[in-house]
Amino acid sequence: MMNRLLVFVMLGAAFMLVVSAVDQDAYEDVNMLKRGGTPCPCDGESMSGIIWFWSCPAGWRKCGAEWPAPCCKAIG
């Protein structure tokens, strides 16, 4: 019984290791939506920025429309 539990725990740990190693850049658009932002066109690219109300936060730059709210993109 203890051996089965140990095997189950080890397989779970291996699974979590593989899942956490997934390339996070592939999910940039999904992560953007998780931050609560609405996507907007930025620098001629399709939907690469997000709308921030009032002004862009630190670490972000204006890259698109000014009205009704600025379109911002992360620097870097």
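Any Cβ shown, glycine's included, is placed from N, Cα and C.
Model, not experiment: these values are computed from the prediction.
The feature signal peptide is assigned by Swiss-Prot to 1-21. Here Swiss-Prot flags CYS40-CYS71, CYS42-CYS63, CYS56-CYS72 as disulfide bond, drawing on similarity to another entry.
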DSSP-derived structure type at CYS71 (disulfide bond), helix or strand or else coil: strand
Nearest of the disulfide-bonded residues (CYS40, CYS56, CYS71) to CYS63 (disulfide bond), judged by Cα-Cα distance: CYS71
Same-chain residues at least 6 apart in sequence whose Cβ lies under 8 Å from CYS71 (disulfide bond): CYS40, PRO41, CYS42, GLY49, ILE50, ILE51, LYS62, CYS63, GLY64, ALA65
Nonlocal neighbours by CB distance (under 8 Å) for CYS72 (disulfide bond), same chain, sequence gap 6 or more: CYS42, GLY49, ILE50, ILE51, TRP52, CYS56, PRO57, TRP60, ARG61, LYS62, CYS63
CYS63 (disulfide bond): tally of other CB atoms within 10 A of its CB: 20
